[in-house]
């Protein structure tokens, strides 16, 4: 199948008169650094396109926003109100930080544990949360808290990670001075 | 000629022009018609809030009474637009409050609305009547309380699919006792409990209430009480439709429904207890619209209902209806115009219900007026699509979602190019198309050649090369909205069709092969476009020009770059003053 003569186009990259030689565009996954907030969207979709044959169905990777069903519809069967919007394998919860103008969303499933989650949050909000100790909580300017299934606000880190995954409804990074010690 | 027509006559003639398209055409005839028209335009529609800034609207149109604004792109519905992207209505509300004290209606879709905005609306417009917020977010029940307390002449409060921060259910109680003008209340998207007695009193003192859509917290036992007070209702949304089976509750509910002689539309029905479904049988033959997409009811019960809906025009249902239920629809609902079938379990690869392409084929056969389809299923064939296109050449909107990406014709294992090609060839009035399944560049050739009336196209996991995108951009003369995800389309087709982009409202491309360099070039060369690269990677500033962006959103605008972006959104090719950066 011949391509249309793109040199007759209005715009192209490169100087006029030069040929349209570009280095091969790598798939998105190969240029992504590990600092990326969420890679599930980039996941298998592009790399599948490159190497899957026509007749075999793609791997069963869950993709963000697919199938195109709005998040409030996904919770119908579960019969619960939830701030978690499940996108297949992801658990998205809202994250607010005191003083920040808008909220963000994180996929808790992207993190293997609290340490990774803290790193992710610190990167996202450009703040220092620091390390957690059972006796003293967080010794830094900010303390991460979360709202659990019962509607109570808890300090992040007390319960095992798996338990946290199922009970966390939303996150709030509070100023440490506002955290009341109980 | 213009001067021989007295202004009053022209104004009177123009008052019959309702569509914005007609008014825009009229305003281009000559200067005096432009002037005449702008002074009497009452309704404004802005399809992309960033295409124009509020001042442009207020300077040109001094007598506006109704404004409809849209914000985020459509793919925001599926979490593809990160939070904080934009779509803030605040600057619009400020300007509207300043210039239009007599404003009556505000409609917003996919915008970020703060409580402060709602308070401003409540306090600024004496004659405010209609507030419709569809798929909006950013406000809480406090904002709703401000509307309830301040809008004395409110007729419509319609919250469709909004994300509301629910601080309390007391907002409803802020409607004063003297407030009796309510015609429409849609609170279906709220999940907090409101005071039932406040709701009941509100309904009782609203004789013009035509639309009442309750939320999930209103229990079935209380429905008959409300319906008794609102027998004039035309559009009713039940809450949670489940309760212990009690004959007294059932009979009062059935009785209440039967008294609603004007009832034409039913929705809601969360958590259905099937034994209570027959309570609506008496109104089925009246219904023109039925939305059971929250009802986890199985096919036999659904079939019994639709089997009585002889006058149904619009059906929204879960795939629990199955092929057998749709077969009943095709035999009973001869006036059906619109069919929507949502998936009950979208993340399971294997079918959990017996719904296939057959259901859609039978409805296309039996329902001659069917023109709008949104259908989720797990398999499709070219022959089914060809049948559908031959049965229903009057289709205007065809959106098919095969749940697994890139799935071929299940009979022949070929791509679905021929099937979708047949759709665009036969359905000459098609204005909206969403495709899925295995698709090559060929289908885009068909679309570019035949889909001359296509206004909006959604593509996912399809195509082989830039040729596909080129066919669409160069062939679809009336295309205004194009949204693409996960397709191997890149710079060539985009740059080759740059001028086309100025004749469209917007183009969205995510997880494709459009490079940073191409976005910069496009932004530099096209002053009438904002080329927004949305990229959340931490090292985005060190990514080379030839590498692909995560997402790009390109839209035409007369107001230059916006300045309310978060750090992960960059408008390419323009410097801070909005001048095209040609360096």
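Backbone N, Cα and C define each Cβ position, glycine as well.
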Segment assigned the feature region 'Disordered' in TrEMBL (from A:13-64, A:65-116): A:13-64
Composition by DSSP (helix, strand, coil) of residues within the domain 'PB1' (A:90-176): 23 helix, 31 strand, 33 coil
Predicted model, mean pLDDT over the domain 'PB1' (A:90-176): 82
